[in-house]
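Feature list (source: Swiss-Prot):
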BINDING   Glu32, Glu60, His63  Fe cation 1 binding site
BINDING   Glu60, Glu115, His147  Fe cation 2 binding site
Amino acid sequence: MPQLEASLELDFQSESYKDAYSRINAIVIEGEQEAFDNYNRLAEMLPDQRDELHKLAKMEQRHMKGFMACGKNLSVTPDMGFAQKFFERLHENFKAAAAEGKVVTCLLIQSLIIECFAIAAYNIYIPVADAFARKITEGVVRDEYLHRNFGEEWLKANFDASKAELEEANRQNLPLVWLMLNEVADDARELGMERESLVEDFMIAYGEALENIGFTTREIMRMSAYGLAAV
């Protein structure tokens, strides 16, 4: 596996590593902050699930603090301006969907796309992380599977009523993931993470989620093609 080989060669204190880390670390911090905000917003939209969603939000807040500690451990200041711009399009799409009461779209963005993005990135990062960050990230990724599962279960229970909106939300938002991956490909490589591995792991996680919700293999392939068009 390329990441495992790269871990033997990485210099966590080099200027090039720290420069790339300042953006990657900011992205994971901002991603957890976005998740905290999104789950709290979903709690307003799904009052019957309020307690569970608030619990998920608090978990994301703990993750954010953990990743902030990872940056401090390497004496790196995260580039939060870059990270906020990085998530801007998904953030605006979630915000617009929430304003229209589109719970299905909000769940696809947060519980499927963002969580699968995180699962892929964290799993690829763990083998090449410094010891401190590895321990933090291993704990975080276990939680992210639980968060994805929440969205899966709700959408599965409401699949027939949600299917058309899910397909449209996928069409609008999946291409953004590939643009985001392309934007950080060089920085990720500096940290020992290959873009191809990130793409593969994301597609596996996202495809599993769509299958669990109720989509057929043919439908998943068609939906995935919207992302590939942006590569």
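If you go along the chain as it appears here, the first residue is 1 and each next one adds 1.
Glycine too: its Cβ is placed from the backbone N, Cα and C atoms.
One way to see the shell of the Fe cation 1 site is to take the Cβ centroid of Glu32, Glu60, His63; the remaining same-chain residues with a Cβ within 8 Å of it are Gly31, Gln33, Ala35, Phe36, Met59, Gln61, Arg62, Met64, Gly66, Phe67, Val140.
Comparing Cα positions, His147 (Fe cation 2 binding site) lies closest to Glu60 out of the binding-site residues Glu32, Glu60, His63. Taking only the Cα positions, the spacing between Glu32 (Fe cation 1 binding site) and Glu115 (Fe cation 2 binding site) is 10 angstrom. A straight line from the CA of Glu60 (Fe cation 1 binding site) to the CA of Glu115 (Fe cation 2 binding site) spans 11 Å.
Here the C-alpha separation of His63 (Fe cation 1 binding site) and Glu115 (Fe cation 2 binding site) works out to 13 Å. According to DSSP, Glu115 (Fe cation 2 binding site) sits within a helical segment. In the shown protein chains, 24 other C-beta atoms lie within 10 A of the C-beta of Glu60 (Fe cation 1 binding site). With every protein chain in view, the residue among the binding-site residues His63, His147 whose Cβ has the most Cβ partners within 10 Å turns out to be His63. The Fe cation 2 site, placed at the center of the C-beta atoms of Glu60, Glu115, His147, has further neighbours from the same chain whose C-beta lies within 8 angstroms: Ala35, Tyr39, Leu56, Met59, Gln110, Ser111, Ile114, Ala118, Asp143, Glu144, Leu146, Arg148. Annotation for the binding-site residues Glu32, Glu115: lowest Cβ count within 10 Å of the residue's own Cβ, Glu32.
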